[in-house]
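A.B. asks: Below are the structure tokens for one structure; questions will follow.
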Amino acid sequence: MNASEQVNKQRRNLWLVSQESLLVYITLIFFLIFSVVAKGFFTLENILTILRSMSIITVLGIGISFVITAGEIDLSISAVPALSGAVLAILLEKGFNIILALLAAIVIAIICGLVNGIIVANTGLPSIIVTLATSMIASGITYIVTKQAPIVITNQGFLNIFGGNIFGFPVMVLWMLLASIIGYILLHKTKIGRNIAFIGENKVASYYAGIKVDIVLVSAFVVCALYSWLGGMLGVAQASNAAPWMLSNDMMTAIAATIIGGTSFTGGKGNIGGTIIGAFFLTMLSNGFLIFGIEQWVLYLVNGTVILIALTAQYLRRK
């Protein structure tokens, strides 16, 4: 690496740090504004509501961070949870053991991840097209097996494990924390995480460096699918039912949280910590808007604008 490349890398790193700092500052500013102006915002009950609501977004965001860091995208992160949740609900309804039902749901998620990863890694097809197709297939299967209606979950053991409380603290938040720790270690502290980033930076160079690109890509999609499974379990427990349209509105929010958190949409750089902050920021905005009585479509505009700003900033950084 020559001097010019070193300077550019230092600038990119400094920009990324300032991006994270800016997100933290903006989050704190909005948090203070809502705390002062919005009645009922700064209460223990509402803070726990925000943490509970951001849990699913964070889990989905961490999962897709692996795929985005690898330079790909996965549009099935809402369809996989719905299908896994439907399989779980059907098995529980038929009296199957909760462990067997959970394992079956995990297997379904892994199969979806393998299908996505194998097709993308071995055909060269754009991941956005592949995962859009598999998402539609998974959604279609979910509508068939659920008969286009929610399946109510009555298994109290499952509801307690994924949606209960421990001394008044939401279990969903504990799952989010555990998923965050595992995701951070896996992406930032292991060889597989470094290889995912290398591939996202330059697939050809990674191949000649001896990295098994196809295996690493498949691994990234499988990890994303496993996090989608967990998001599905949390969503099912939260709603006490498995619906074919479950989490359909959470996909773009999860992607937005990932991008504004510092993960490069073109690959090569992931940021689990930033994803968590991004999820909190977007969930806090939604909560604050709800208290103010602001229409939902305004939040969609804000989320879309945030994504565009983050993508534009990343483009300017590369320039």
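Cβ atoms here come from the backbone N, Cα and C positions, even for glycine.
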A.B. asks: Name the residue range among 128-146, 147-165 that TrEMBL annotates as transmembrane segment.
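C.D. replies: Per TrEMBL, the stretch marked transmembrane segment is 128-146.
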A.B. asks: When you look at the transmembrane segment (166-187) alongside the transmembrane segment (98-121), do they share 3+ Cβ pairs under 8 Å, ignoring any pair fewer than 6 residues apart in sequence?
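C.D. replies: Contact between the transmembrane segment (98-121) and the transmembrane segment (166-187): absent.
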A.B. asks: For the transmembrane segment (207-230), which partner among 21-41, 75-92, 166-187 gives the most CB pairs under 8 Å?
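C.D. replies: If we count Cβ pairs closer than 8 Å to the transmembrane segment (207-230), 75-92 scores highest.
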A.B. asks: Is it true that the transmembrane segment (166-187) and the transmembrane segment (272-291) have 3 or more Cβ pairs under 8 Å, skipping pairs fewer than 6 apart in sequence?
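C.D. replies: In contact, yes.
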A.B. asks: Apart from its near flanks, which chain residues at least 6 from the ends of the transmembrane segment (47-68) lie with a Cβ under 8 angstroms of it?
C.D. replies: 74, 77-78, 81, 127, 169-170, 172-173, 175-176, 179-180, 183, 186-187, 196, 200, 220-221, 223-228, 230-231, 234-235, 238, 247, 250-251, 253-255, 257-259, 261, 263-265, 267, 270-272, 275-276, 278-280, 282-284, 286-287
A.B. asks: In the same chain, which residue numbers or ranges, 6 or more beyond the ends of the transmembrane segment (75-92), come under 8 angstroms Cβ to Cβ?
C.D. replies: 60, 63-64, 98, 100-102, 104-106, 108-109, 112-113, 116, 128, 131-132, 134-136, 138-139, 141-142, 145-146, 151-155, 158, 224-225, 227-229, 231-233, 235-236, 241-248, 250-251, 254
